[in-house]
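Peer 1: Once you've had a glance at the structure underneath, I'll fire off some questions.
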Amino acid sequence: MKTDIGPWLSKPFLTSLFLGIGGFLYGYDSGIITPSLALSSFLTYFDRPNPALRGAIVSMYQAGAWLGSASVGITSDRFGRRKAIAFGCIWGVLGGALMAGAAHVAMLITGRLLVGYAVGTITGVAPVFGAEIAKTHERARLTAINQMMVAWGFFVALWTGVGESRWQNPNQWRLGFAIQSVPALLLGVGVLFVGESPRWLCLKGRYEEAEKAFRNYHFDGTNDEWCNTEFALIQENIKEEIKAQGRLSWADLFRTPAFRKRLFVGSFVWAAAMLSGISFVQYYQTAIYATLQFSEDRQLLVSGLYGSVAPVACLLSLLFVDKVGRKKILVTSSALLSLSYLIITIIAAVFPARPGFPTNEAAQRGLIACIFAVSANYSALLGPMTWIIPPEVFTTELRAKANAIVQVIHYSISLVITQCSPIALAAVGWKYYILFVLTNALCTVVFAFFYPETKGKSLEQIDEIFGDVKPITDLGRRSSSQEKEVVETVHVGKRDV
C-alpha cells in the first residue's frame, strides 16, 4: 500500500517548510545584531557602547525570548498551535519597527525585547506543530527544517550587514532592523490558513475535526485504509494517555520520575547547544575578528562568509538525519566541537594578534577555519537535534508545556552567555575559549551515557522508552484483524462524542 506521496512535496513537509519561517526569523533576528555592532554608523549613533551595554543590547533579545517561551505553553495548549504562532508574530512586527526607528538606545533595547518575545513564542510551538503532523519516518527531517531555516536567516542577516556597509548613509544600520518585520508578518498571516495539529484537536476532544485535519495532511488518494488505521491509533493513544494520567499540570513535569527524565533529555540538548559556544561565536565573531586586527570591511566580509557555511551544512543534514541515530550524532558533534575549541585556544594563545606588531597570517586563517568548522558541525549535527528531540520525547498533553520549559532553559543559558561574553573576552582574552573546550567535553559524556535512542519510534511508541505510558499497539507487529478492531472501536466511539 502506498503511504508516501513524495516526501519532499508532501503537505507535512511543505507545512513544516512554511513554519520554518519562524526559524528564519530566529536566525535573522539573532544575526542582524552581529554586523550592526561592527558598523561605524551604528556605534557612533549610540555613542560607542561599552562591553556591558553591548552585552545588554544583544542579551535583551534572549530575555524577551525567555518571556515568550515561558508563556507559549499556556497559549498553545489553550488556543491551538496556529493561533499561538500568529500571536507571537504580532510582537515580531512591532519589535522590528521599533528597532528600525530607534532614536536612542532604550528604544533599541525595547525593540530587541519584543522581537525576542516573538521568537521565543514561535520557537516554543513551531517544532511541536511540525512533529505532530509528521509521519514517524520523516519526523526528524521535518523538524530539522527549523535549523536549516535558522541558518538561512543568519546567512541573510550577515550579508545584509555587508550590504549595509556598502551603503554610505548614516542610517544604514536601520535597514537590517526593518527587514525583521517582513518574515514575522508573512508567517503571522499565513499560519492562519494552515490546518491545525490533529493531535491537539484530539487532546481537546474534537475528533471529527482532528480526523479531517489528519486526512488533509496525509491522504494521497490511495492510502485510505492507512489513514483510518493511523488516526485511530493516535486517537486511542491520546485517550489512553489522558485516562492513565488524568489532566496533567505543569507540576507533573517535575513530580513524576518518568517525566523528569523526559524533561532532562529534552532540556539538556538545548543546554548543550548553548554551552557549545555557538551563540558566542555568532554574536561576537566580529569582536573576535577585531582582536585579529581586521578592518571593519574585512570583519563584515568574513562574518558573511561564516554565515554561508551553515545553510549548506543544514541542507546536507536533511539527507541523513532520519537515517543516523540521534545519540551517535550528539556524541560526535560535541566531541568535535570540543576539539575545535581546543585548536582555537592553542592558536589564539601561541599566536596572539597585538596592535603595532606583525600578524601571523597562517594562524589567522587556521583560527577562522576552526570557527567555520564550529558552524558547520553545529548546523549539520547538534543544531538539528535541538529541534528534533524535545518535541518527540514528551507526551501529547505535556508536549507544549514541556517544550516551553525547554525553551526557557535554552534562552536562560543564552542570556547569560551573550551578556557575559563581551566582558569576559575583554578581561581574559583567549582563555575564555577554554570554557567551551570543557563544556563540550562534558556534553559528550552525558550524551554517551545518559541519552536514549528515539530514532524510528512513533511519538506514541517513545512513551514506552520512558516507561510511563505503554502505546496501544505497534504497527509493525499488529495483525490486520487487530487493526480492524481498533478502527471500528474508534469510529463507534466518535458517534457517541
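Note: Cβ is positioned from N, Cα and C throughout, glycine not excepted.
Reproduced below are the annotations present in TrEMBL:
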{"type": "DOMAIN", "residues": "15-455", "note": "domain 'Major facilitator superfamily (MFS) profile'"}
{"type": "TRANSMEM", "residues": "12-33", "note": "transmembrane segment"}
{"type": "TRANSMEM", "residues": "53-72", "note": "transmembrane segment"}
{"type": "TRANSMEM", "residues": "84-107", "note": "transmembrane segment"}
{"type": "TRANSMEM", "residues": "113-131", "note": "transmembrane segment"}
{"type": "TRANSMEM", "residues": "143-162", "note": "transmembrane segment"}
{"type": "TRANSMEM", "residues": "174-194", "note": "transmembrane segment"}
{"type": "TRANSMEM", "residues": "263-284", "note": "transmembrane segment"}
{"type": "TRANSMEM", "residues": "304-322", "note": "transmembrane segment"}
{"type": "TRANSMEM", "residues": "329-351", "note": "transmembrane segment"}
{"type": "TRANSMEM", "residues": "363-383", "note": "transmembrane segment"}
{"type": "TRANSMEM", "residues": "404-426", "note": "transmembrane segment"}
{"type": "TRANSMEM", "residues": "432-451", "note": "transmembrane segment"}
Peer 1: Apart from its near flanks, which chain residues at least 6 from the ends of the transmembrane segment (363-383) lie with a Cβ under 8 angstroms of it?
Peer 2: 147, 150-151, 269, 272-273, 276-278, 281, 285, 288-289, 292, 302, 305-306, 309-314, 316-317, 329-330, 332-334, 336-337, 340-341, 343-344, 347-348, 350-351, 353
Peer 1: For the transmembrane segment (304-322), which stretch among 12-33, 84-107, 143-162, 174-194, 404-426 has the most Cβ pairs under 8 A?
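Peer 2: Per the Cβ under 8 Å count, 143-162.
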Peer 1: Would you mind listing the long-range same-chain contacts of the transmembrane segment (113-131), meaning Cβ under 8 Å and 6+ residues beyond its ends?
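Peer 2: Result: 12, 15-16, 19-20, 22-23, 25-26, 29, 60-73, 75-76, 81-82, 84-85, 87-92, 94-96, 98-99, 139, 142-143, 145-146, 180, 184, 187, 197, 387-388, 390-392, 399-400, 403-404, 407, 411, 459.
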Peer 1: Please indicate, using numbers and ranges, the residues of the same chain that are 6 or more beyond the transmembrane segment (174-194) and have a C-beta under 8 Å from a C-beta there.
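Peer 2: Beyond its ends, the transmembrane segment (174-194) has Cβ neighbours at 15, 18-19, 21-22, 24-25, 28-29, 32, 35-36, 82-83, 85-86, 88-90, 92-93, 95-97, 99-102, 111, 115, 118, 122, 153, 157, 160-161, 163-164, 167.
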Peer 1: Are the transmembrane segment (143-162) and the transmembrane segment (53-72) close enough that 3 or more Cβ pairs fall under 8 Å, when only pairs 6 or more apart in sequence count?
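Peer 2: Counting Cβ pairs under 8 Å (6 or more apart in sequence), the transmembrane segment (53-72) does not reach the transmembrane segment (143-162), since there are fewer than 3.
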Peer 1: So what's the mean pLDDT when you look at the domain 'Major facilitator superfamily (MFS) profile' (15-455)?
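Peer 2: Within the domain 'Major facilitator superfamily (MFS) profile' (15-455), the model's average pLDDT equals 88.
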